[in-house]
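The substrate binding site annotation in Swiss-Prot covers Asp17, Ser18, Tyr49, Gly50, Asn81, Thr82, Thr191, His192 and is backed by sequence analysis. The feature active site, proton donor/acceptor is assigned by Swiss-Prot to Cys80, Cys190.
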Amino acid sequence: MIERPVPGADAPIGIFDSGVGGLTVARTIIDQLPHESVIYIGDTANGPYGPLPIAKVREHAIRIADELVERGCKMIVIACNTASAAFLRDARERYSVPVVEVILPAVRRAVASTRNGKVGVIGTVGTINSGAYQDLFSASPSIVVNAVACPRFVDFVERGITSGRQILNIAQDYLEPLQAEGVDTLVLGCTHYPLLSGVIQLAMGDHVSLVSSAEETAKDVLRILSQQDLLADPDMHPEPSYSFESTGDPEIFAQLSRRFLGPIVSQVRQNEG
């Protein structure tokens, strides 16, 4: 375990993803915990993680999480489904600070949401092949789970393409098997996918509930920080700080980040990884 001085309540929350997808989680955390400071690292030089071998994903995740811990973050949020599947168990053994992931919160929400017990899961190849979602759903034997990999979605989001006929056609092809199975709840098992929720909803139909882990993950962050007396005190630190960083091209990352988060992204720093 990496031992560091115990961070105080005024320390930042560290969040990372392979790219911009984790901004969906960061945005929800910032909205729900407005007094918390955040360091966000998008590993765009090495992402997307989905097609990579699990060992390589774990290597990248360790490098970034180690950095966030070394920089004094009081909590690590793995805002990437593929990295959560590859790294969560190791992370909780490796770090003394709490680690939050995005898979269990989505499963919890889906189990509560489904009406007919038929749930679909879409994600990267790495996430789907890991069986992480399927394993967690097995604790609810009344739920029938169908999982489909949608490998091209991440590339579209990373290029800033979140609507249009081309991506809709691809979505319809990916999602047709889930429609045929009659799922009434669809887990967006990649933090990039909420940025395609309009297209995905159109392809699935309004009768299908889309589940994003962002809201539930933010609830976990709030609960754990409260339990460990690590919530930032607005009287002591009324102005939170936000640092957005990319291991790839910071300008491209900044353009996409501002599109999704707005002016809160004043600049994006180059992270040398």
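Glycine too: its Cβ is placed from the backbone N, Cα and C atoms.
Distribution of Swiss-Prot features across the structure.
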residue: Asp17; record: substrate binding site; Cβ within 10 Å: 32
residue: Ser18; record: substrate binding site; Cβ within 10 Å: 33
residue: Tyr49; record: substrate binding site; Cβ within 10 Å: 28
residue: Gly50; record: substrate binding site; Cβ within 10 Å: 25
residue: Cys80; record: active site, proton donor/acceptor; Cβ within 10 Å: 36
residue: Asn81; record: substrate binding site; Cβ within 10 Å: 35
residue: Thr82; record: substrate binding site; Cβ within 10 Å: 35
residue: Cys190; record: active site, proton donor/acceptor; Cβ within 10 Å: 35
residue: Thr191; record: substrate binding site; Cβ within 10 Å: 33
residue: His192; record: substrate binding site; Cβ within 10 Å: 30
Remaining residues near the recorded substrate site, that is with C-beta within 8 Å of the centroid of the site residues Asp17, Ser18, Tyr49, Gly50, Asn81, Thr82, Thr191, His192: Gly19, Gly21, Gly22, Gly47, Pro48, Cys80, Ala83, Thr124, Thr127, Val154, Cys190
Rounded to the nearest Å - Cα separation of Asp17 (substrate binding site) and Cys80 (active site, proton donor/acceptor): 5
Recorded substrate site residues Asp17, Ser18, Tyr49, Gly50, Asn81, Thr82, Thr191, His192, farthest C-alpha pair in Å: 12
Integer Å distance between the CA atoms belonging to Cys80 (active site, proton donor/acceptor) and Thr191 (substrate binding site): 6
Residue pair Asn81 (substrate binding site), Cys190 (active site, proton donor/acceptor) - Cα distance, angstrom, rounded: 5
For Asp17 (substrate binding site), the three-state class that DSSP assigns: strand
